[in-house]
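Participant: Positions annotated as region 'Disordered' by TrEMBL: 1-20. As annotated by TrEMBL, transmembrane segment applies to 30-51, 63-84, 96-117, 153-173, 179-200, 255-277, 297-316, 353-371, 377-396, 408-430, 436-455.
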């Protein structure tokens, strides 16, 4: 028999199961290798195979585009190191959500959870799965564009497969991450080695007068950063699963210090390989730069590149799904989402209701096809909340230096990240204001309508309790408790 969870004002209340007082928790299955795979595997998606031409388009010259890629990697590294300190102070899953909640309080944390769970994470997952679908079905439609129905059905199948994998077992999900991370690293190494061979054979035309035609406009640089940072997105994913890390105070900083420099070096070498195989004008006219590279360098083996992009996108979507479901789960555990989403499967010990909800929202976005404009402003929303989170770290470093922390980042690093976040949020508004940004801001603050009746004053319809009970029995889930410090 399962007892009803005792609700208290403390966010760290325990869970009663049966006649005893056994606490149901998520398993700590993520070690250093899986942590590196989660970060690198999520970062290396379809971006590095698609974004280089857009970075070059906005910057105007090969050398300046390479500088943007290096700067994006450095910014991701600084952000991840700052988050690593937050993760050793607040050892709870949930990433930005839990940090904003513990530092700034319930209301801003709810706005983040509302935006992330309903919009940002499902949209990002849907976008990556659509990229996977496009490269998967492309070989079956040579010489013409693939039907949208086939692409959407394949993307939906991808999401359903990811749901099954992540609901069954955490170890299975991390094993998939490890395998696909190894596969995509191998694919990138093929491109890197091919580029080095081309450079050794004297194909360096793209690097002569490499700064010629460089664009210096603030707006163009900001948009180029957006394109580059989309390829680096995922640098903060390990903070979403802190409670599932083995020795988080050690694993979190180490995984960051291994994964992000590795990805940055690979990205720079891959871009150099693209430029060795193609002139800047050829690269700009390419619809898919990696496929064009494969046609020029690999010849009859060019199909390997399409396969690699598909594998890369699948691995990235698995990492996004794995971490994104945890935001929904933790927000529900803190009372900001329905209780059913805070529960875990009694045997598999995975947050299956939260994963199913994330899956359902992603499927809706794939079917509707109206998420494209929202995804284009993904970086705007992301860096808005990154800035809020980093300002919280600065507050703790200045006002509460006595808090125990096993890792400390120099204060200049979060200051640089905060300045970059402010620039990335304001640059598109000042340079090229667009009505879509206003829509995004209105959506974020529309959470006020739900916060006060449902969270602050706890006006819950009684029928929701019966629905929760029936779902709990049907899904075989039980409330959990967090490893909070």
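Any Cβ shown, glycine's included, is placed from N, Cα and C.
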Participant: For the transmembrane segment (179-200), give me same-chain residues lying six or more residues beyond its boundaries with a C-beta closer than 8 angstroms to one of its C-beta atoms, as numbers and ranges.
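Facilitator: For the transmembrane segment (179-200), the far contacts come to 36-37, 40-41, 44, 48, 266, 269-270, 272-274, 276-277, 290, 293, 297-298, 304-305, 308-309, 311-312, 314-315, 318.
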Participant: Using Cβ atoms only, state whether the transmembrane segment (96-117) and the transmembrane segment (436-455) have three or more pairs under 8 Å that are 6 or more apart in sequence.
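Facilitator: The transmembrane segment (436-455) and the transmembrane segment (96-117): touching, yes.
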Participant: Quick one: do the transmembrane segment (63-84) and the transmembrane segment (255-277) have at least 3 Cβ pairs under 8 Å, skipping pairs fewer than 6 apart in sequence?
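Facilitator: Contact criterion met.
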Participant: Could you tell me what the rest of the chain brings near the transmembrane segment (255-277), counting residues at least six beyond its ends with Cβ under 8 Å?
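Facilitator: Cβ under 8 Å, 6 or more out: 32, 35-36, 38-40, 43-44, 48, 52, 62, 65-66, 69-70, 73-74, 76-77, 80-81, 83-84, 185, 188-189, 191-192, 194-196, 198-199, 203-204, 206-207, 231-232, 235, 238, 283, 289-290, 293, 296-297.
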Participant: Okay, the transmembrane segment (408-430) and the transmembrane segment (297-316): do they have at least three CB pairs under 8 Å, pairs separated by 6 or more?
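Facilitator: Touching, no - the transmembrane segment (297-316) and the transmembrane segment (408-430) miss the threshold of 3 or more Cβ pairs under 8 Å.
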Participant: For the transmembrane segment (377-396), find every same-chain residue at least 6 residues outside the stretch whose CB is under 8 Å from a CB in it, and list them.
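Facilitator: Contacts with the transmembrane segment (377-396): 79, 82-83, 85-86, 89, 96, 99-100, 103-104, 108, 112, 115-116, 119-120, 123-124, 127, 226, 229-230, 233, 236, 403, 411, 414-415, 417-418, 420-422, 424-425, 428, 436-437, 440, 444.
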